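Engineer: Can you read through this structure? Questions will come right after.
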Amino acid sequence: MKIIQVENQVEGGKVALELLKEKLAQGAKTLGLATGSSPEEFYKQIVESDLDFSEMTSVNLDEYVGLQEEDPQSYRYFMNQHLFNQKPFKASFLPNGAAKDLEAEVARYNQLLTEHPADLQILGIGTNGHIGFNEPGTSFDSQTHLVDLTPSTIQSNARFFDKMEDVPTQAISMGIGNILNAKSIILFAYGSAKAKAIAGTVEGEVTEELPGSALQKHPDVVIIADKEALSLLKH
């Protein structure tokens, strides 16, 4: 596991862009993408670059259940706004959270990940160490699955919705097994709220109680983080 300390998210995005260029030069064809504030600056750097993704494929970590893709809170909408509209890929795959048959959609997406394993997977990490929507207790072997969101996740998402009953209670997420299948992984972490999760991910016991610790089992992980997120590391 390699750790790169950066001043802020802007520098983190620039560092990640250089790593992406290296992977593309080595023939990377499929990118695993994430949503949320952590990779936003990275996508901004990509959009401002001269990189061309018209022959590339992308696969996303997760999507909320019950939201149409044009819903501003859906992850498809987020990806369109921050990356796909400006830098189209040959194919961009996300789980379909509006699917009528969710079990069939989970199976379809898992098969798709088998056909398009990520050459480079982008990750953020939750304060409790979750990666994707894989909460503590998720098996390291897990494949794409339907997740019941924790009360704390539902509560923290409530600010984005007019009514509490509109807040999604489930998501479709890549499993930890799918994530570990990627050839290379970049994880972004910023702020002191992430310090405990990063300490456990890098130096803690490898345990399913801290999903991020699964990354210790992977041969090519780069963590891009600021001083605050790295503040609890012992070494």
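Using the three backbone atoms N, Cα and C, a Cβ is placed for every residue, glycine included.
Pulled the feature table from Swiss-Prot, pasting it below:
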- ASP62: active site, proton acceptor (ACT_SITE)
- ASN128: active site, for ring-opening step (ACT_SITE)
- HIS130: active site, proton acceptor (ACT_SITE)
- GLU135: active site, for ring-opening step (ACT_SITE)
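Would you situate these features in the structure and describe their surroundings?
Structural biologist: Within 10 Å of the C-beta atom of ASP62 (active site, proton acceptor) sit 20 other C-beta atoms, taking all shown protein chains into account. Taken residue by residue with DSSP, ASP62 (active site, proton acceptor) is part of a strand.
DSSP assigns ASN128 (active site, for ring-opening step) to coil, not to a helix or a strand. Residue density at ASN128 (active site, for ring-opening step): 17 other Cβ atoms are found within 10 A of its Cβ, drawing on all protein chains shown.
In sequence order, PRO136, PRO211, GLY212 are the residues near HIS130 (active site, proton acceptor), counting only same-chain partners six or more apart with C-beta under 8 A.
The C-beta environment of GLU135 (active site, for ring-opening step), restricted to residues of the same chain at least 6 apart in sequence and closer than 8 Å, consists of ASN128, VAL147, THR150, THR153, PRO211. In the three-state DSSP assignment, the secondary structure recorded for GLU135 (active site, for ring-opening step) is coil.
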